[in-house]
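A.B. asks: Annotations for this protein, taken from TrEMBL, read as follows:
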BINDING   B:V17, B:T49  thiamine binding site
DOMAIN    B:10-89  domain 'Thiamin/hydroxymethyl pyrimidine-binding YkoF putative'
DOMAIN    B:115-194  domain 'Thiamin/hydroxymethyl pyrimidine-binding YkoF putative'
2 protein chains.
Amino acid sequence: MENNCGNSRIAGCSFSVHPMADDFVDYIKASLREVDSSKVWMKTDDVTTTVRGRMEHVFDVTEAILLHIAKTGVHVAFQGTFSIGCPGDSSGDVHMDESEERLNKPQSKNIEQRVAAKFSLYPMGGGDYMDTIYRQIQAMKEKGVEVTPAHYSTRLDGDTSDIFTGLEDVFRETEASGSSHTVMTVTVSANSPSHKDDRS
Amino acid sequence: MENNCGNSRIAGCSFSVHPMADDFVDYIKASLREVDSSKVWMKTDDVTTTVRGRMEHVFDVTEAILLHIAKTGVHVAFQGTFSIGCPGDSSGDVHMDESEERLNKPQSKNIEQRVAAKFSLYPMGGGDYMDTIYRQIQAMKEKGVEVTPAHYSTRLDGDTSDIFTGLEDVFRETEASGSSHTVMTVTVSANSPSHKDDRS
């Protein structure tokens, strides 16, 4: 919970994914079989799953886990807290040596899946981040993501790949702007009964 | 996303609750029928529900919504971001005039329900909060809540009522310690297949 904690640049995400179905376990297991998580440290307990490693692989793996469930058409919610700059431990440090090539993106980018997402950015360690946020939100709009203000967050509607790319860009540039500890919360809903055409 | 934003002391929570069942909509609707939300402003969309009002009613309503689903025995996950000090809007301000009497606690406290929870506290606006956290965590332990460190968070295992009381105390005292904008994320899992005896 410290706001300034040294130079470690390992990124992480504590997340949970909730298929709203009686056989939720099967959806999760099937997704995990399709996702290559060999470039991240990953640990699951009964409340959340934590992945840690290079930033690009943390986003690559979380996006892929969500997509492989969503592509089945089941209503699924994802909630993740991305964090960098304040690990508090060293689990997964060895994965910082991995190459930057993403293992799941080649497959993920072929899955068209509209989602509704909300994100909030908490730069705990200073930095000039407001311009960063506005610039990245503009970039998302140019990719066709719909951006609207929401309570305590910003809402994004669009293709999963565009949204995850945008979120990673916001997160990366906030850190680059000088925030020593950055936290970003993301909530995603796919195939909600309220959405009629998430699957294209 | 500003860190210092005046004197408004309306609290809020943006949350989602996920019964992992084919008939998830029925569980949510049944819970909402049992919860008295007349002392808060509440708005639901396809991604999250937002409640705003006096802090005690925000915790009272979110706890009750979770409990009335969990008591059925279905596996349910709750994820909420509690926020105070940076509303950014005025929805629900009228509810600040409500009395402090909690409308749902009398019923909630009779529902025994073990849960596993993880929380993270982000005091965005200063304040001397570390002592507060340690003191409140100690108080939770004295109530029988099991407290363990987790990645990016603190894990709590125990009765829902004790855990929500503890979370509200941590949140309230962090604000009182001088943090002008406080955010707390909470993830809860009830009746997980990994827990054999959540229902007592």
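For all residues, glycine too, the Cβ spot is worked out from N, Cα and C.
So that I understand the layout, could you describe where these features sit and how close they are to other parts?
C.D. replies: For B:V17 (thiamine binding site), other Cβ atoms within 10 Å of its Cβ number 25.
Averaged across the domain 'Thiamin/hydroxymethyl pyrimidine-binding YkoF putative' (B:10-89), the predicted model reaches a pLDDT of 94.
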A.B. asks: Sorted by position, what residues of the same chain at least six away from B:T49 (thiamine binding site) have a C-beta under 8 A from it?
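C.D. replies: In sequence order, B:S14, B:F15, B:S16, B:V17, B:M42, B:K43 meet the Cβ cut-off.
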A.B. asks: Taking DSSP states H, G and I as helix and E and B as strand, how many residues of the domain 'Thiamin/hydroxymethyl pyrimidine-binding YkoF putative' (B:10-89) are helix, strand and coil?
C.D. replies: 27 helix, 27 strand, 26 coil
